[in-house]
Amino acid sequence: MNRSFLVASLACVLLVAVAPAAGVSGGDGSGFAQQGIDTDDVLMSITIEEDGDAVWEIEYRTRLETDDDEQAFAELQSAVESDPDPYAGRFHDRMNTTASAAENATGREMAITDMTVSAENRTLPQEYGVLTYRFRWSNFAAVDGDRLVVGDAIGGLFLDDETALLISWPEGYDIIGASPEPTETRADAVVYNGPLDFGGGEPRIELGPSTDTPPDDAPDNGEPSDTGGSLPGWTSIAVLVVALLAAAGAFLAYRRRGGRADTTEPDAEDGTADGADGADGADGGNAGATAQPDEELLSNEEQVLQLIEAEGGRVKQQTIAEELGWTDAKTSQVTKKLRERGDLEGFRLGRENVLSLPENGDGSDSDSDSDSETGT
């Protein structure tokens, strides 16, 4: 089989798999795509284990701003709770195809197991509906002696501007290098925010024991040393299509159409993409619960909203930068996105930029200059 045919074949398989991904009944095209819900954010969370296995959580979030939004998501919750198997089954099939392509590329035997799906309401601090798929991907990371190399199974992944990728690792490991440079680096995780088009062989995260130090000839620019082969080009393209379509399934699955909802199926997995320890073996039976997120795994936007909520609904933009340890530029970028989405309002108070939650009604974005400065 030549390379071009293989790429085309895999792409076709994946496109067919995701085209009806919005619902279980692919014949009539109905399903989650007509559920009447629009996804606002997607978080793909990958928790690496010492043996190279990884627990994946893909979380789709939608703001519940109106009664119609709440009703549509409540119908989805009910459907997932009463019969989760069709939702998890179709997504499981798609991920098996992805793992098979990655297995052929890396030479590591892979399997997708423990697939679950759940739906829940969550306060972030505003009310969100969250649909989560959770599964285990065996041999996802390469084990190289006492080191782990992560990323060759999803080389060429694409993140759109509403999708984030979080890769965390077990206690006792430190990051040796990452390529490309993460949006954010934490003590036990890296975060990549879209839009981002990873190149071939990326993302690539190299991990070693906490006492480990990079070799003398290791690059000092944050990139990992070359301890293993990069993902072959054709497979990188194929897995790119898989990952892209897996994320795109959420957007197809959640579409706001005048608040009308069909009680048919979606596509994504079980768990709490904000943190693996918050989704320990969850299934459709806990769909109606309201959960509080792990603060360490909140997105940038969620951190800002939670901080403002904790401050009584109004806070200086400079305070956000100081409390979260961000640069002025990053703070302006994140708060601008929130204001454009209508999650925040901004106004000037003397020389200060002040941000407030919409329900406070304290100001208007038209008077805010917070896009260009954080205030003094």
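Cβ from N, Cα, C; glycine included.
Any TrEMBL annotation is an automated prediction that lacks curation.
Source: prediction; values computed, not measured.
According to TrEMBL, the protein has these features:
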COMPBIAS  362-376  compositional bias 'Acidic residues'
DOMAIN    46-173  domain 'DUF7345'
DOMAIN    297-358  domain 'DUF7343'
REGION    192-230  region 'Disordered'
REGION    258-295  region 'Disordered'
REGION    353-376  region 'Disordered'
TRANSMEM  233-254  transmembrane segment
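Computed over the domain 'DUF7345' (46-173), the whole-number mean pLDDT of the model equals 93. Under DSSP, the residues of the domain 'DUF7343' (297-358) split into helix, strand and coil as follows: 34 helix, 13 strand, 15 coil.
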